[in-house]
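Chemist: Pasting a structure below so you can have a look.
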Amino acid sequence: MNVQTIQQGVVLVSKVVCQQWVKMRCFMPRRSRIADEVDKQGTYQLSRLMRPDDANIAGNVHGGNIFKMIEEAGCIVGTRHCNQQNGERCLAALVRVEKTDFLAPMFVGEVASVTAEISYTSKHSMEVQVKVVAENILTGARKLASKAAVWYVPLSMQDVGRIVEVPPIKYASAEQEEEGRKRYDAQKIERLEKTAKIEEIVPPPADPERHTVGFSQHSLIHLVGPSDCTLQDYVNGGVTMKLMDEAAGLTAFRHCKTNVVTASVDVINFHRKIQKGCVVTVTGRLTFTSNKSMEIEVLVDASSLMEEEKGKYRAASAFFTFISLDKFHKALPVPPLKIEGEEEQRRFDEGKARYLQNKAKRLADKQRQQ
C-alpha cells in the first residue's frame, strides 16, 4: 500500500466520521452528551457520546479513552462508598486493573454506558466490576464492548498517602463473599511477585532490523500537569492507562504498519504513585506474536522534574494484546517477531505461556456458557 492510497483512505474515513458526528449532534440534545446516574448502593453508571477526538483515523475509539471512563466510574463509586459514613474523608485511588477484555470495537457516534459496581471489600481495598456497553442511538443496537475488574484503596484527604478503612458491603450469599476473598488473595500474591521482578529497559540499537523488538520499541514522554491529577495532586489512574495504551498502539503499528486495536490487557499494576510535576516515560516493547495477535509489555517510569536527585522509579507495568485489522475490521495475520538474544527469547516464551493460558481460559468460559 503506497502513501497516496493511505492518504486517500484517511480522507475518506474522516469524511464519514464527521458526517456521522453531525447527525448525532442534530439528533441529541446538549444535556444527553454527558450523563451519569446512581442506581443503587455500590453501583454507578456514566454515559458519554463518542466524538471524533476519541477515535483513531479509522474511526475506532481509542482503548485508552475507554480505560479513562472505566477508571472514572470506578473511582466515583469507590469514593462515594467510602464516604457514606461520618468520619475521615477519603478519595479512592486505583492500584490494580485485572484482565480487561475489549470484546467489540466502539465507533464515533455511539454512546458508551459504563456501569461500575463494588463486588468485594477487604479492610483497606475494594474490587469494582465495570462493564462498557456501546449503543447506536439511531438503531437502538447495543453491544458489550468491554469489561474489567479494578481495585482501589481509599486515601485520606487530611493525611495524603494514608490508607483508611473500607466500609463492608452486603453480599448476596456466603459463596459470593468467599469467591471475592479468593480473588483478593490471588491478586495480592501476584502483585507482590510482579513488584519483585521489575526489569530495566534496554534502549534499541541505532539501526534495528525490521520486525525485531528494537525496531518497534517506542517511548512517550509526558510532563504531569494539574489537569492530569486528582484532588491530592497524584496522577489519575485513567491518564496513566491512556498513555500506556497509546505507547502500546504505536509499538503495534510500527510492527504491522496497519490499523491496530486493543484486544485485551492482562493486568495493570500500579507500583508507586506519580505526583504532579513528574516527567513520565512510557515505553512499549513487543514480547510475543501469534498468528493474529501481539503482546506488548508497557513500562511506566517517573522522575521528579524539580528533584532529580531522587532518580527514576517504576510506577506501573502491564501486558497489552493488540490485533491488526483490515478496512472491513477483520483480523489480519501479524508478522512474526524476530528474536535476538536470550532475554528476548525468555520474554517470548513467557508471553507464549500467557497466550496459551488465556486461550484455554476463553475456551473453558465458552463451554460453560453453552
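Heads up, the Cβ atoms here are built off N, Cα and C, so glycines get one too.
Features from TrEMBL:
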type: DOMAIN; residues: 40-158; note: domain 'HotDog ACOT-type'
type: ACT_SITE; residues: Asn56; note: active site
type: DOMAIN; residues: 214-328; note: domain 'HotDog ACOT-type'
type: ACT_SITE; residues: Asp245; note: active site
Chemist: Taking all residues of the domain 'HotDog ACOT-type' (40-158) together, what is their mean pLDDT?
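Modeler: The answer is 92, the mean pLDDT of the model over that range.
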Chemist: Across the domain 'HotDog ACOT-type' (214-328), what are the DSSP residue counts per state (helix, strand, coil)?
Modeler: 29 helix, 58 strand, 28 coil
Chemist: Using a 10 Å cut-off, grab the number of neighbouring Cβ atoms around the Cβ of Asn56 (active site), all chains included.
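Modeler: I get 16 for this one.
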Chemist: Fill in the CA-CA distance, Asn56 (active site) to Asp245 (active site), as an integer in Å.
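Modeler: Asn56 (active site) to Asp245 (active site), Cα-Cα distance: 12 Å.
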Chemist: For the domain 'HotDog ACOT-type' (40-158), what does DSSP give as the number of helix, strand and coil residues?
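Modeler: Split into helix, strand and coil, the domain 'HotDog ACOT-type' (40-158) gives 23 helix, 58 strand, 38 coil.
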Chemist: Using a Cβ-Cβ cut-off under 8 angstroms and a sequence gap of six or more, which residues of the chain neighbour Asp245 (active site)?
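Modeler: In sequence order, His62, Gly63, Gly64, Phe67, Thr262, Phe320 meet the Cβ cut-off.
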